[in-house]
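A short worksheet on the structure shown next.
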Amino acid sequence: MGFFSTNGGPNWYLGIWYASLPTPTYVWVANRETPVKGVESATVEVGGDGRLKIMEVGGSVVWQTTNREKSTAVKLLESGNMVLLSREEKVVWQSFDFPADTWLPGMNMTAHRSITCWKSSVDPSPGFYSLRLKPPAYGEFELVFNGTMTYWSTGNWTGDRFTGVPEMTIPYIYKFHFLHPFTPAAAFWYTATALENGGGGGRPPLNRFHVDSSGLLRQYTWFPQTDTWNMFWSQPENRCRVYGLCGNLGLCNTVTLKPCECLAGFQPSDELTWSSGDFSGGCRREDNNVCSETDGGFEGIGSVSFNGAALVPIPGNSKSCEASCLMNCSCIGLYRNARSNLCYNVYEPVLNLKNLSSDSTEEGELHVRVHRRGNGKKNKWKWPVLIACVAGFSTILGLSMAVLLVFRKRRQRKKKVEEEDVFSVTNLRVFSYKELNAATQGFSEKLGHGGFGTVFKGELSDSSQVAVKRLERPGGGEKEFRAEVCTIGNIQHVNLVRLRGFCSENSHRLLVYDYMQNGPLSAYLRRDGENLSWDVRFRMAIGTARGIAYLHEECRDCIIHCDIKPENILLDSDFIPKVSDFGLAKLMGRDFSRVLATMRGTWGYVAPEWISGVAITAKADVYSYGMTLLELIGGRRNVETPPSAGGGGGGAATGDEWFFPPWAARQIIEGNVAAVVDERLRGSYNTAEAERVGLVAVWCIQDEEAARPTMRMVVKMLEGIVEVAVPPPPKLLQALVSGESFHGVLAESGGTSTGDANSHSSH
């Protein structure tokens, strides 16, 4: 705890931050609205009335606590809570009762407390966005703008979760507590616990909820191995739902890296804050002279939605509506409703402006007032310019090469600035080949090799460990490579390995990822390897499913992984699973024939449609996930030496090898999941969870794509939100081990699936 300033500015604040972290992360600020102008002249003391005060020169009080009882001591607890104690050591005031923008473990959220963001990343004063218990029922949380406009809520509390946050059903490292819900005395708090096999000396990792200045509620966990905060969860998922995110006349979109842009003829009101990621200032006209043009025009923005604007209906036809706007300097455009045939003049402020999809039910279009194009001003200069060009033709020829060189250099500089801007948004670092060669000590420590390249362990100049993947024969040119890398870098999820940077230098193409301390899941699927508890395995199953579901359904374009297997499921220091190598199929030019060739060594994960030659969909990943799930349950690889007992009679023995999935699928269908579960667990597992995981695995490996569930449905089934029926036996697996014609069985099973996992009913 101490005084701090932001961005080297003149304002100083008394705050609390984590003492053990290399870079301060502020979790509480005392004098948010009343900074001191010089830290040398500021003092902190307990006054004669027992209140903690911040004093300036001359004895003026800048800030003070509100306790009525006198305090004699101030104590900062390990939890981050600053308490004032009476002589009897009774707490008479605590900072947890007056939160800033951060919600810490053990901090009670009540009907009278809210978490309010900073005004900007360098201004701790209260901003526009807050998290609070929703009045008057106090049975759910909501994010609000300016204390009035709700733009996201958790849904009501059901006893173990909020209806709008189904992922709460599975305990991770957080436990949630709700005392007296749906009453004015409601109090909600959470605690953190250490994961089994998670290291860290049995202590829970540092974690926090944070409302940032862009209106997002985010949950972070500290990863000491990389010295970074890892974003665990974020809401709302659609950033354009945040009320007023782009400010007045700022257009929000979900398909570009930066969420906000200005309309045609407008520019950011403050370029500096806009470039730093604070878009709340909105946009203003590039040229105010447009206001004096009575012959100006209008440019269509398309089908949009917005709030806050004053809409004045104008009687008559479109011409009269346009004329009315052109005569009023404050009119910024027109809003036409196709169904009612009404036209409105639009006046500021225009908030929450966002484009709508082509299939939207909205029937209105916005047209913004702009300069009239081609209004004759160009013609005034047409002949003089032409004469000058002819007269100076020889001079222009002499200077053309110089001009061309200058233009080329400027374009290169502009391109570099644009690329730096793009990669700064995704937080991707551009490495040189020399840097990565040094970081990996000449690519000496090999971590693994796959269809896309070889992975090496490295250490950057800041001592953080990374995994460097050297790509082999990537498809496309440098422009395409950088575009795809930018796309991958923009994909962030707690169950996906984070891309930190890349190298695209000459023929070298390398990707730099976070290093995963506990390696791949495949390392734990050996009888002589470390035994994972059932709780850890269950978390791995759900976490992996969430990561794949995010790739399939929550990215701008569906990303099919094409190579889900234990080797591509990495485990961090807390044994949280993270899917790796996503997006690489497209990065490598989607040369599926080559990818398939590299997968022959792990054919047990390949969906039937790969071999039959039909088009590949996201359901191919579902199949591979199901195969991996069977291995996770059994603690063994799909192909290995037969077990000493129970393995016979399955019809899956092939020479000296035994193919596990057909036998396991039959045992699960017959209700004998105990025979499948890793014998090292010796009954120390949740039977209901094991049965559910087993049934989900068999649904995932169904012959027909249509019978397999989506990954989103897989997550719901594993979480227990959706009931899981008994699936039919997969015929193709048996065909593979019995020597039958694979294509014959494939043709026979076409369209004859007896069930569909996507049709299960919800509880």
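Every residue, even glycine, has its Cβ placed from backbone N, Cα and C.
Just so you know, TrEMBL annotations are computer predictions that nobody has curated.
Annotation source TrEMBL lists ATP binding site at Lys469. Taken from TrEMBL, the feature domain 'Bulb-type lectin' applies to 1-97. For 441-722, the entry in TrEMBL reads domain 'Protein kinase'. According to TrEMBL, the feature transmembrane segment maps to 383-407.
Its Cβ taken as reference, Lys469 (ATP binding site) is surrounded by 25 other Cβ atoms within 10 Å in the chains shown. Applying DSSP to the domain 'Bulb-type lectin' (1-97) sorts its residues as follows: 6 helix, 38 strand, 53 coil. Under the DSSP three-state reduction, the residue listed as 'ATP binding site' is assigned to strand.
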